[in-house]
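Chemist: Relevant sequence annotations retrieved from Swiss-Prot are reproduced here:
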- P2: active site, schiff-base intermediate with DNA (ACT_SITE)
- E3: active site, proton donor (ACT_SITE)
- K58: active site, proton donor (ACT_SITE)
- R283: active site, proton donor (ACT_SITE)
- H104, R127, R170: DNA binding site (BINDING)
- 257-293: zinc finger (ZN_FING)
Amino acid sequence: MPELPEVETVRRGLQPFMEGATVVRVEQNRPDLRFAFPENFAERLSGRRIEALGRRAKYLTVHLDDGLSIISHLGMSGSFRIEAEDAQGLPGGFHHERSKNSLHDHVVFHLMRPDGASARIIYNDPRRFGFMLFAEKGALEEHPLLKDLGVEPTGNLLSGEVLAALFKGRRKPLKAALLDQRLIAGLGNIYVCEALWRAGLSPMRAAGSVAGEMDVMERLAGAIRSVIAQAIAAGGSSLKDYIQADGALGYFQHSFSVYGREGKPCRNPACGGTVERVVQSGRSTFFCASCQT
């Protein structure tokens, strides 16, 4: 399932084609995805201008000129495809002709951009685990999907001091604490494994046991920020279904230090250990027992 870097990459890919554009019409090819589409979904979007594209945790948000917002989640296999004349040469792009919709193209946004050029933004989702919901004017931050989300792990929002406060008194393992969306929003299995390796911390260690060690908290916060920033710069990680909005694959998976590397040498040159895999809360955890303590 796409994590924060993948969703941010999609947002950045869509932004030049969607922000400022007017929705001419929307093709809705089925009544539901994971959830039913909002009532009058296509009708309420027609004629609206897209003012901004945002992201909160793993959710893409589309903000319209009447105050309505779309909250979208890619699920397991969702992707957006851009078709526009100036997308010529990009995977999924077209020039002087309209491509044929595929079986799993469930929503097509027909847009008129500020310069008068047209574009189509196509949402494709074979497994249909994604969704698109509305948040009414002024209600986005209090939407049930968003209101309880924790701090974003980007920029300077996440610090050692913040982590220490979040982890204080918590008995759950570090990995479980980092995956708790109420504490830190947008982190997933891949990037938590990678950040813990960079910080030299065991995923099984109790979160509260390190909350008082400010140097450790700063090291972990820095590891999280750097992993997320590098993954965004690499276009995310393509393991199964994820592609960028222009059809390209992310390539951060080539930089994995532990994730998916069970039995292979640890990439810490001072270590000499081997990457191990254990299951925590039903998810695979990859780590090096030699250098993560």
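Keep in mind that glycine also has a Cβ here, set from the backbone N, Cα and C atoms.
Since this is a predicted model, take the numbers as computed values, not measurements.
Locate each feature and note its surroundings.
Modeler: Classification of P2 (active site, schiff-base intermediate with DNA) by DSSP places it in coil, neither helical nor stranded.
Counting every protein chain shown, the Cβ of E3 (active site, proton donor) has 21 other Cβ atoms within 10 Å.
Listed in sequence order, M1, P2, E3, L4, V7, H73, L74, G186, G188 are the same-chain residues at least 6 apart in sequence whose CB falls under 8 Å from the CB of K58 (active site, proton donor).
Its Cβ placed at the centre, R283 (active site, proton donor) has 14 other Cβ atoms within 10 Å. The secondary structure of R283 (active site, proton donor), as reduced to three states from DSSP, is extended strand.
Secondary structure at R170 (DNA binding site), taken from DSSP and collapsed to helix, strand or coil, is coil.
Outside the zinc finger (257-293), and at least 6 residues removed from its termini, the chain residues within Cβ reach (under 8 Å) are 173, 175-176, 179, 189-190, 193-194, 196-198, 200-205, 239.
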Chemist: Across the listed DNA-binding residues, H104, R127, R170, what is the farthest Cα to Cα distance, given in whole Å?
Modeler: 43
Chemist: Counting other Cβ atoms within 10 Å of each Cβ, which of the binding-site residues H104, R127, R170 scores lowest?
Modeler: R127
Chemist: What are the helix, strand and coil residue counts for the zinc finger (257-293) according to DSSP?
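Modeler: The zinc finger (257-293) comes out at 0 helix, 14 strand, 23 coil.
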Chemist: Taking just the CA atoms, what is the gap between R283 (active site, proton donor) and R127 (DNA binding site) in Å?
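Modeler: About 21 Å separate the Cα atoms of these two residues.
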